[in-house]
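To start, the structure under review is shown below, and the notes come after it.
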Amino acid sequence: MTTDTSSYSTGSAGSAGSAASTASSANKAPPPAGGAGRTAERAARRRAALHWVAVHSLAIAAALFFVLPFVFVLLTAVMSDDQALTRELWPHTWQWGNFVEVWQTPGFLTWWRNTLLYAGLGTVLAVGSSLPVAYALAKFRFRGRNVMMMVVIAAMMLPPQVVIVPMYLFWAKQLDLAGTLWPLIIPFAFGNAFSIFLLRQFLLTIPREYTEAARIDGCGEFTTLLRVVLPMAKPAVAATALFHFFYCWNDYFGPQIYASENPGAWTLSYGLESFKGAHQTDWNLTMAATVLVMAPVIILFFFAQKAFVEGVTLTGVKG
C-alpha cells in the first residue's frame, strides 16, 4: 500500500514538473526570425555610419573655419596691389616677388634678428629661472609655501598694463634702457609666473620617492633637479618653452612701449606697422610680411607638436 502511494506521488510530481516546463516554454518569446535580425543589424550599421559622417563633417567644418583665414592671407600675399582686398579671391598672376620685396625692406633683417634675440634669450632665461622655483614649490615642505603659490597665481593674473607706468619709469629713467629690448628680456631672468605655475603642476605628478632616493644616494638638491627631475620633466619644459617663445615672438605691446622710438630695436610684430602708410596701405606686401612672420612659428610647432601636446596633456592640475 505504501509503495503504490509513493509511485502515485512520484508520478504526480513528474506530471506537475512537465506541465510547469511546458508552461514556461510557452511563456518565452519566440526567437527572432533571421530576416528581422538582419534588418536590426543593418539599422545599427546605418546609425553608426550616420554618426561617423556627422562627427567628421563637424571636424572638417571646424578645421576649415580655422584654416580659411590663413589661406586668405597667403593668397593676398601673392596678389598685385590693385587686386588685393577685392572680391576676386584667386590671384590673376602670382606675385612671388612680394616676398622678395618685403625681405629687402630696410630694417626687416634687423627686426628679424631682434625678434630672435627677444624670443630665444627670453625663453632660455624664463625657463631656466622658473624651473628651480617650481621645483621648490612642488617638492619642498616649508611654512608659507601655499602663500607663495598664491602670490605666483596673483602675478599671473595681473595684466602687464597695470604696472607698465612704474616699470617704464624704472627702466627708462633709472637705468636709461628706453629704446632697447632689455627691459623686456632682463625680467625673465627672475622667473615668469605662468612658467612657474605650469612647471610646478607637472612636478607635482612626479612621485616623491624619486627625489628621496636621490637624496639617500647623496645627491644634493641641484643635482637631483638636473639628473633626476629634469629628464622626467622634459615634456613640460618643452611645452613651457614653446608657450614662452610664441608669446615673445608675437609680442606687440612690449616693443611698442619700450622700443618704439628706436627703429633699430623693433621686432617683427611691431615692424609690420611700417607697411601701413599714412594715406595708403600696400595690403599685398603687408600680407607677405605677415606670412614671413608666421612661417617660423608654424614650422617650429609642426616639428615640436608631439612634445608640446604631451607636455600640455601631462601637466594636470594638482595641488
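The backbone N, Cα and C atoms fix where each Cβ goes, and this holds for glycine too.
What TrEMBL records for 1-28 is compositional bias 'Low complexity'.
Residues or ranges marked as domain 'ABC transmembrane type-1' in TrEMBL: 112-304.
Residues or ranges marked as region 'Disordered' by TrEMBL: 1-40.
The transmembrane segment annotation in TrEMBL covers 52-79 (among others). If one looks beyond the transmembrane segment (52-79) by at least 6 residues along the same chain, the residues whose Cβ comes under 8 Å of a Cβ in the stretch are 85, 89-92, 94-96, 98-99, 283-284, 287-288, 290-291, 294.
The annotation transmembrane segment is assigned in TrEMBL to 116-138 (among others). Proximity of distant same-chain residues to the transmembrane segment (116-138), defined by a Cβ-Cβ separation under 8 Å and at least 6 residues beyond the stretch ends, is recorded for 145, 148-149, 152, 181, 184-185, 188-192, 195-200, 203-204, 206, 221, 225, 229-230, 233, 237, 240-241, 244-245, 248-249, 251, 255, 267.
According to TrEMBL, the transmembrane segment annotation covers 150-171 (among others). Beyond its flanks by at least six residues, the transmembrane segment (150-171) meets 137, 177-178, 182-183, 193-194, 196-197, 200, 253-254, 257-258 of its own chain at Cβ-Cβ distances under 8 Å.
Remote same-chain partners of the transmembrane segment (177-199), defined as residues 6 or more beyond its termini with a Cβ less than 8 Å from a stretch Cβ, comprise 114, 117-118, 121-123, 125-127, 129-131, 133-135, 137, 152-153, 155-156, 167-168, 171, 233, 236-237, 239-240, 243-244, 248, 251, 254-255, 258-259, 261-262, 265, 267, 315. Residues annotated as transmembrane segment in TrEMBL: 177-199 (among others).
For the transmembrane segment (283-304), the list of distant contacts is 70, 73-74, 76-81, 83-85, 95, 98-99, 101-103, 105, 108, 238, 242, 245-246, 249-250, 268-269, 271-272, 275-276: same-chain residues at least six beyond its ends, Cβ to Cβ under 8 Å. Residues annotated as transmembrane segment in TrEMBL: 283-304 (among others).
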